[in-house]
C-alpha cells in the first residue's frame, strides 16, 4: 500500500513557526497563545512538527514541552508512538491535515511549531506515493547492518540504486535503510519513484510560516551549548539509561538516532569518555541546525524574523496579529 499523499481542498488557514533547534520556537508559540487569550482572540492548538517529539519516554533530550505547557495550550503529535516504532513524513502530512480540520471545527486556530523541515516540505509540497514501511523488512536490514556495517549496505544500494546511493553518505543509516526497504518491497529503486511530479498540497498557500533564523551563527551555537548543559543537568544520561534498560531498543532505531540520544548511547557503550558528551551532543546539534537552515532557505514563502535580535516576541506577535486579522 502506498504512503498517503494528503491533499485537503479547500485548505483552511494555518500559522506556523519554524526554525533551527534552540531558536525560540516554543516560547514564541506559547506567547501567541497567551496573547490571543488575553485579548479575547481565538484559542490556539499547537501541532508539533518535530520527529523526535512523537516518541514516548523521550522527554529530556527532545526538550518536550512540559506538562504545565501542554495543559495550558493543547498540543498534538506528541507522545504518539513507542521508540521501537517509526513515523514517516507522509504520516505527519496526513495527521496534520486531519488535525487542522478538527481544530477549526472546535473554533480554534492551528499553530504548527517545529524544526523537522522534511515534515513541513512534504505537507506543503506533496510527496510521491511510496511503499509503506514494513517492520519485518526493516528488521532484516538492521540485522545485516549490525553484521556487515552500514558502509557495506551503502555499497549494496549503489548496485541496485546508484542515483540514491550517490547522494547518501555511507553512514546515513536511516536513508540507506529506507532506500533498501523500498527496493526490497517494490523491486524498484527509490530514485525511480521520486518523479518530482507529485501534486502540490492544497495547504501551500493558505497560511503563514514565520521562520526564526539567527543573523549570528555564534549566538545559535551558544544557545545550543546552554541547551545541552541544561539537558544533562535535568538527567539526560539517566533517561537514556532507562531506555537502554527496556531491552527492546538498539542504536540503529530512528528514535535512538535522535541527536543527544545517539551520542549518550555511544558514551554508555564506552566508545568515548563522559567528559566529551556535552561537546559531542552540541557539535551534532550544530550540524543539525545547519541542515535545518539549508532547508529553510529553500522555502521561499516563509517570512524570516531574526531570532537573535531584541524584541523577537513582539515581532512575532505583530506578524501573527496581522495574519489573524486577514484570516478572519
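Cβ coordinates are placed from backbone N, Cα and C, and glycine is handled just like the others.
The ATP binding site annotation in Swiss-Prot covers 19, 20, 21, 22, 23, 24, 25, 26, and the record cites sequence analysis as its basis. Sequence-distant contacts of residue 25 (ATP binding site), defined as residues of its own chain at least six apart whose C-beta falls under 8 angstroms from its C-beta, comprise 17, 18, 19, 113, 114, 115, 212. Secondary structure at residue 25 (ATP binding site), taken from DSSP and collapsed to helix, strand or coil, is helix.
All chains included, 28 other C-beta atoms sit within 10 angstroms of the C-beta of residue 23 (ATP binding site). Annotation comment: Swiss-Prot describes 21, 22, 23, 24, 25, 26 as substrate binding site, evidence class sequence analysis.
Through the fold, the region 'Interaction with substrate tRNA' (50-53) approaches residues 61-62, 64, 77-79, 87, 92, 113-116, 118-119, 254-255, 258-259 of its own chain, all at least 6 residues removed from its boundaries and within a Cβ separation under 8 Å. Here Swiss-Prot flags 50-53 (among others) as region 'Interaction with substrate tRNA'.
Taken residue by residue, the region 'Interaction with substrate tRNA' (174-178) breaks down under DSSP into 5 helix, 0 strand, 0 coil. According to Swiss-Prot, the feature region 'Interaction with substrate tRNA' maps to 174-178 (among others).
Per Swiss-Prot, the feature region 'Interaction with substrate tRNA' maps to 257-262 (among others). Packing against the region 'Interaction with substrate tRNA' (257-262) from elsewhere in the chain are residues 21, 51-52, 55, 58, 61-62, 173-174, 228, 231, 236, 240, 243, 251, 281, 284-285, 288: each is 6 or more residues past its ends and has a CB under 8 Å from a CB in it.
Look at residue 116 (site 'Interaction with substrate tRNA'): DSSP puts it in coil. Taken from Swiss-Prot, the feature site 'Interaction with substrate tRNA' applies to 116 (among others), supported by sequence analysis.
Positions annotated as site 'Interaction with substrate tRNA' by Swiss-Prot, on the basis of sequence analysis: 138 (among others). Reduced to three states, the DSSP call for residue 138 (site 'Interaction with substrate tRNA') is helix.
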Least buried by Cβ count (within 10 Å) of the binding-site residues 19, 20, 24:
24
Using the CB centroid of 21, 22, 23, 24, 25, 26 as the substrate site centre, which other residues of the same chain sit with their CB within 8 A?
19, 20, 27, 115, 212, 223, 307
Between the Cα atoms of residue 24 (ATP binding site) and residue 138 (site 'Interaction with substrate tRNA'), find the distance and write it as a whole number of Å.
35
Residues within 8 Å of the 19, 20, 21, 22, 23, 24, 25, 26 Cβ centre (excluding the ATP site residues themselves):
115, 212, 307
Other C-beta atoms that fall within 10 angstroms of the C-beta of residue 138 (site 'Interaction with substrate tRNA'):
19
Count the Cβ atoms, other than its own, that fall within 10 Å of the Cβ of residue 22 (ATP binding site), considering every protein chain shown.
24
